[in-house]
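Take a look at the structure below.
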Amino acid sequence: MPVAVAVVALLMSPLMAGCLERSTTVGDRYSGSVIVATSPDNPRGAPQLDLPESMMGQVSVTEYKESPDESDASAAPSGSAGDDKGSGDKVDEAITRVGSRASFTDLTAGQFGQLGDIIADAYGETTLTMDLTAKRSGEVVRFRGDTDLSDLIPGRDYVQLTVTFGGPVTATNGDQVGESTVTWTPEPGEPSDFSADATYPDPATAAVGSWSWFVAIVCLIAVLVIVRIAYSKRYRGPRPGRPLAVNTTPSTLSAEGLSAAADRAPATAPKDS
C-alpha cells in the first residue's frame, strides 16, 4: 500500500510542477513600442535605450530616423556620379531626428514599470523622469503614468509611447489607434501624464479555473488507482475470533474409496482349524 501511494505521487509530481510553473507565468501582459529621438545636431548625440538582460528576449531595439517627407528624400534622380553624391547629401539633410525605437512584447507589470526608467535614462545626463504603472481592479486594468520632460527642447527632442493591452480600451487621455492600442506623444519642455483603462477578464483567474479542474480529475484518478490496488492486495485470511469455514459438501472421493474398500473385503470369514 505505501509503495502504491509513493508510485502515484511520483507520477503526479511532474503534473503538479507544471501547474505551479504555469501559475507564475499567467497574468496581464503588455506590448507596444517606444521612440526616443532628437535632431542630428544635438551635442548630446542620439538617445540610446539600454536594456537589462532580463528583457532582452522581449524587447528589440532598432535605429530610428525621421524625415519630413520620406518619399521625396528617398527619391534619387538619375545622372552622373556627382549628381548621386548631391542626392545623398539631400537625403542626409532631410533627416530631422535620429534615435532609437524599441518594440516590446508580453512585458509583465514589473517589466512595464522598468520601461519608464529605461526611457528616462536614454537622454543621458538630464532630469528627465518617467513612471509607468499598470494595476488590475476586477476586470479593469488601469494604466497610469507621468513624465517630466522639462530638460528636453520642443521641436528638437521627441518621445512617443505606444501600448497594446490585452483587451478593449474604454478610457484614455492618449490617441487610441486601435481597439486595444493607445499612443502618447508627450510635449518636450513640460510635465505630462498618461492614463488608460482596459476592460477584460483576468488571464490568471481563467488559468486557475482550468487547472483546478485538471488537478481535481488527476487526483480522482489517483484515488481510484490507490483504492483498486488496495482492494487487490487486501488480506484474505480469517479474522481474529471468527472460526474457519468448513466445507460441508459431500466428498465424492471418499464415497468411491469406501466402495473400493468394500470390494476388496473377503467374502467369508476364515475357517477355524
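Cβ coordinates come from backbone N, Cα and C, glycine included.
What TrEMBL lists as signal peptide is 1-17.
Residues or ranges marked as region 'Disordered' by TrEMBL: 62-91 (among others).
Summarising the annotation, TrEMBL assigns compositional bias 'Basic and acidic residues' to 82-91.
TrEMBL lists 96-200 with the feature domain 'LppM'. For the domain 'LppM' (96-200), residue counts in helix, strand and coil come to 13 helix, 55 strand, 37 coil, using DSSP.
Sequence annotations record features per position, and here TrEMBL assigns transmembrane segment to 211-231.
The region 'Disordered' annotation in TrEMBL covers 240-273 (among others).
Sequence annotations record features per position, and here TrEMBL assigns compositional bias 'Low complexity' to 260-273.
Here the domain 'LppM' (96-200) has a mean pLDDT of 95 out of 100.
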